[in-house]
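S.K.: Just passing along the structure, written as structure tokens.
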Amino acid sequence: MYLWGRLWSVSWDQFDNLEKHTQWGIDILEKYIKFVKERTEIELSYAKQLRNLSKKYQPKKNSKEEEEYKYTACKAFLSTLNEMNDYAGQHEVISENMTSQITVDLMRYVQELKQERKSNFHDGRKAQQHIETCWKQLESSKRRFERDCKEADRAQQYFEKMDADINVTKADVEKARQQAQLRHQMAEDSKADYSSILQRFNQEQWEYYHTHIPNIFQKIQEMEERRIVRIGESMKTYAEVDRQVIPIIGKCLDGIVKAAESIDQKNDSQLVVEAYKSGFEPPGDIEFEDYTQPMKRTVSENSLSSSKEGKPELKFGGKSRGKLWPFIKKNKSPKQQKEPLSHRFNEFMTSKPKIHCFRSLKRGGATPEDFSNLPPEQRRKKLQQKVDELNKEIQKETDQRDAITKMKDVYLKNPQMGDPASLDHKLAEATQNIEKLRLETQKFEAWLAEVEGRLPARSDQARRQSGMYDGQTHQTVTNCAQDRESPDGSYTEEQSQESELKALATDFDDEFDEEEPLPAIGTCKALYTFEGQNEGTISVVEGEMLSVIEEDKGDGWTRIRRNEDEEGYVPTSYVEVYLDKNAKGAKTYI
């Protein structure tokens, strides 16, 4: 039922009021569109922040952090990050659906609504102008009829006056009579015209109030009601868009809960054991030493500090053959107060192997090349990892060499595409890199085989070539160990093992501090610029000529000197060495 047409029965200004009301309705709709737009922007911003947060805490590739994600707790955290990334995607879906299903649709509807409103009110204004024109015509015909009637009365009175006057001629009386008749006729015509216009106006007015305006108001009412229904439907869509993603968001949260439930503390503990187990076997029982017997003490074969031959072995890296537990002190003199066993056990549990490469001490390094400072199991893992990395580098260089070879074949078949000779340098460089990597791989494989027990232990010379041991140093250590033994195989009482090790370290420090300048055994040219940032290294500039005082011992470093007062190590691959064949200790290269 349409009620808006009744407004015209109240006053004439309701048309303007309806126009203001419908404009307010459009403003409300545009305000709702703006609200949804800002909601979509918030959803996009929130999704972006969630994605950035997830990306920020993702483990970096080829880093130590990535290795930590083998534990179930870290895997669960990674799953949480991935689920949060999917969670952010659902907020992007909310934004997209609200934009397409609400914002775009309502903006198009607002344009159509404005056009329809304009058309309806234009028809209303037109009908209003038409009835106002009819009213003006009616008023004009009415005033004309009134004027003609008054003039007809005056003409009649004038005729009667002239007819009664005896002094007036008959011709004047006749003229007055004709004039009165003319005015009466004009009055009758005005009356007929006024009556016709009045009837027509009444018809137009009835149609205006009962047909035209109600129809226009009916259209405006329908338009306004459609607007109200449309905004209600949009609000339902607004809720449905959110409701549609709730199941998927629930699955994301379920995924986080499932990841949390997958955490296995026992498995993580086992991984810690596998990652950090040393490979040492526990020591045997300590036998009772009877001091009531003669002072000739023999060392128990099961003693913590004895070897299979009854003599201590000093190892500066690698695997102990006699299963020597390297961190336990032993009393060597009955004069010394015997340490409580609990103190010795605590010292064993807190001790760490501190074996260093003496050559690396001059260069500021702390990790031997063959990882001999690590326990056997950890050393095996590190060596295996190094071998795998070298094999990957070899494969990469091999692929590059094959690609250069194919390109050279193409140039040979089609000289216009390029000069084959231009690739010779790159091909030779790739081949040289492969050979260097293979030699490096063989070196690490040998150390790995030694750790796994497939090969015998390295000789002193091999240790020296690897950059880990100096033959003379190792011999000194061995002699020191033998000097501490008595003829019957027991320890002497003059000096403790700890004192010997401290004295040995002091001797080495003195040896490095007081060593005399080494003579030059050749010269070298810097191929590249090297910034020596670690202790023991020296910076060189490309093209610089320097003196060689110690050649590469197999660890990739060459010792050079500049101006007789500045010396240090540089990578061998950064310099081109020209050795003096007559110099002492120089090798001959073919």
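In case you wondered, yes, glycine gets a Cβ from its N, Cα and C as well.
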S.K.: Kindly point out the range from 352-379, 380-407 that TrEMBL annotates with coiled coil.
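M.R.: Within the set 352-379, 380-407, TrEMBL attaches coiled coil to 380-407.
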S.K.: Checking feature assignment: coiled coil per TrEMBL, candidates 63-94, 159-190, 511-542. Which range matches?
M.R.: 159-190
S.K.: Same-chain Cβ contacts of the coiled coil (380-407) under 8 Å, 6 or more residues past its ends?
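M.R.: Hits for the coiled coil (380-407): 279, 370-371, 374, 418, 423, 426-427, 430-431, 433-434, 437-438, 440-441, 444-445, 447-448, 451-452.
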S.K.: Over the span of the domain 'SH3' (519-580), count residues by DSSP class, listing helix, strand and coil in order.
M.R.: 3 helix, 31 strand, 28 coil
S.K.: Could you give me three numbers for the domain 'REM-1' (373-450), the DSSP helix, strand and coil residue counts?
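M.R.: Going through the domain 'REM-1' (373-450) residue by residue, I get 72 helix, 0 strand, 6 coil.
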S.K.: Find the average pLDDT over the domain 'SH3' (519-580) in the predicted model and report it.
M.R.: 86
